[in-house]
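Participant: Before we start, here is the structure in question, set down as structure tokens.
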Amino acid sequence: MQPLLQIQDLNLTVDGKPLVTDLSFSIAAGERLGLIGESGSGKSLTAMAATGLLPRAITATGAVTLGGQQVIGAPERVLNGLRGTVAAFVFQEPLTALDPLLRVAQQVAEPLRRRARRDGHELAGSALQREVLALLEQVALPQPERIARSYPNEISGGQRQRVAIAMALACQPQLLIADEPTTALDVTTQAEILKLLDGLVRERGMALLFISHDLPVVAEIVERVVVMQRGVAVETGPVREVFGAPQHDYTRALVVAAKAFDGALEGTA
Amino acid sequence: MSAVAATAPRARGSLTLWLGLLLVGLHIAVALLTLVWLPYDPAALTGGRLTPPSWEHWAGTDRLGRDFFTQIMIGSRIALIVGISAVAIGGLIGVTLGVLAAFATRLLDDALAATLDILIAFPTLLIAMLVVAASDTASLGTAVLALGIALSAIVARLTRILAKRVLLMDYITAARTSGTSWLGIVFQHVLPNIWPTLSVNFALQFGLAVIAEASLSYLGLGAPPPNASWGRLLQEAQGTVYTAPIGAIAPGIALVSLVIGVNLLADGLRDIGDPTRRGSR
Amino acid sequence: MSLVSVQNVSFGYSRDRLVLDGVSLEIRSGASVGLVGESGSGKTTLLRLLLGLTRPSAGEIRFDGATLDTRSSRYMRDYRRQVQAVFQDPYSSLDPRQNVLGIVSEPLRSLGIPGDRPALVEAALVSVGLEPDILGRYPHEFSGGQRQRIAIARAIVAKPKLLLADEAVSALDLSTRIRIVELLKQLAADMTLVFVSHDLGVVAALCDEMVILEKGRIVEAGATRKMLADPQHPYTRKLLGSVPRMPA
């Protein structure tokens, strides 16, 4: 079976300067993959390339197939069809991902309406209202009616990220791309959001591309990881193997650093 | 992405800089020259009335037979004096007010911001006309003072916004915890960081001032004769614009070339003055 | 003896919405203390109070036996000489228009500390692990970790007794973070360190004491090792349970 997302020999350059070099990986339906890297590793650019969201200044070569469709060079109309239906995004900062001037209900309603239109029927009025509330309940938001009436600045960061996840789920995508979705959150909120994402992805059999610099966070939610350093995938494999017995020097340094803080918490360091 | 941002303006920057330097340099050279040498006595009746351009009179003569090119050259000097002094006055008052507002308590800041917004709602020229009208005599000094005051509101508002943005940065908090006084913060951190944007705005203001002074003179509210302001030359050429068009064209070109030159120069200087735009990362 | 004594300090913009509510805290000379809390815990406000940037609404802070008097510019001058800070974002905390010499020497200039400034700056740069020949370079030429080292050099150049760090490693990459934590640990051997952070792992690695704040109150305080091994308050337990760990 063809993978949901396949990236083959992807090269991204700006003015001839390489940003991502010869990157290849794939995600099968229902698979959870982590893309690990520090700032400047090209991990977020890779996610943008996967959905054709790259800035114009960046040149992409190679093959990116999303849901059987070649993404590089595809017209915007085709890409728009892929986004939402095949893949949906959750970003790091939920405050900037939401429109500050629209109530939560209006923002969540938009992708729901789009999905209904795609499936060949119109969704409006109280039926739409019910769907919005049902979706907010699925992301475990307390008092969904109150949240639906609120503006983004009136709810907490964790609640905003739940709304953003609800919007991503509205179109029932096969692949969820989460770019540092918990980095801006408090640690207790992060734990809740990770639990939520984990449950949703399992329940719906969605594939997950989870991008993060935080090794333990990635370890909690994915099965396989790709470690990137300055645009190059230095190591790929199942989480436990890569983190348990890292082969590349860079991965080893990251694992040692992460374990040092873990060890400090256990009182062993 | 930084590479794209860095290379494009640098290539453009050098061209604008050179063109700006050329135009402004020309006007400054002419202005300095008028202090020591002029082709003709500006008041002398040296030829026929309204003669077209010739080898003797590059821009022809006016309706009294005075050499027109001599008057345009003097106009350069007046324009530069007006522009520089008006921007200096407007900049001094405006930057001071703007920085004070940025540092002030909420209430004072709101009051200052509202006052500035009201002032800016009036056209610069109108404010300048009011100031000139309020003084007894029309002179170059009054016109410059009037323009400076009119410009200060625009400068103050921009300074306030820019300074407030800088004050949010952590390096300001770091400066405070390093024991730097607020005057020190203004001079060491705020002004250097808002200067690039401010200086480009000053160039715009310079252009505005030169044009406004020409307008004041055109309306008879500017420098009185025998000051050959370009605005007064334009006004005098009004009646003869069909018979001797050079009388309107020449001061027009002089005015436009100076205003464009200053703007290009400021753009170019901003690009090379910024350490983050110098060299590549 | 306590270097800093926070006595029943409250802070709020209105009486019914307190950001800090009756906080008391003793910081021994030579200790390294982690102030841990999530957003809304009041940890940043407490730090601003300790820095003398804001006055408490109630209570007082004593430093070296004397009341921290933000109104007296003479007292503050002396206070700033002894208390310096490092901030979270190394991109925002360095003035882009000053070179390294200008940035690091700011406390020396502003506090009128006598001596050969370039030499003092070079010494500070060396003690944070940077080359001394970068005096003429500008912040944009450095990486995040190097910038944070420059910021730390600025904080220690006047040889303060107390170093206050506000999420000083949170904006850094993991591999850089561990090196900056090691640097701070090494510096903490010679001075008192108060390290504000939301990151329990970093605090555990750096501080021998910690204070847990929740919604403007201290819920638990004590020796780091003891609190990690045997957390008493439910909130401390929840925080510890939320920290993601590496797979065994």
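Cβ from N, Cα, C; glycine included.
Whatever TrEMBL says is automated annotation, not expert-curated.
Feature table excerpt (TrEMBL):
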DOMAIN    B:76-266  domain 'ABC transmembrane type-1'
TRANSMEM  B:17-40  transmembrane segment
TRANSMEM  B:78-104  transmembrane segment
TRANSMEM  B:111-134  transmembrane segment
TRANSMEM  B:140-159  transmembrane segment
TRANSMEM  B:202-221  transmembrane segment
TRANSMEM  B:242-266  transmembrane segment
Participant: Between the transmembrane segment (B:242-266) and the stretches B:17-40, B:111-134, B:140-159, B:202-221, work out which stretch tops the count of Cβ pairs under 8 Å.
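Facilitator: Top-ranked stretch among B:17-40, B:111-134, B:140-159, B:202-221: B:17-40.
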Participant: Considering only Cβ pairs within less than 8 angstroms, which of the stretches B:17-40, B:78-104, B:111-134 has the most against the transmembrane segment (B:140-159)?
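Facilitator: Most contacts with the transmembrane segment (B:140-159): B:78-104.
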Participant: Give residue numbers and ranges for long-range contacts of the transmembrane segment (B:17-40): same chain, 6 or more residues beyond its ends, CB-CB under 8 A.
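Facilitator: Distant contacts of the transmembrane segment (B:17-40): 46, 58, 66-67, 69-70, 73-74, 76-77, 79-80, 254, 257-258, 260-269, 271-272.
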Participant: Same chain only, please: residues at least 6 beyond the ends of the transmembrane segment (B:111-134) with a C-beta under 8 Å from a C-beta of the stretch. Say none if there are none.
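Facilitator: Same-chain contacts beyond the flanks: 97, 100-101, 104, 142-143, 145-147, 149-151, 153-154, 156-157, 160, 208, 212, 215-216, 219, 221.
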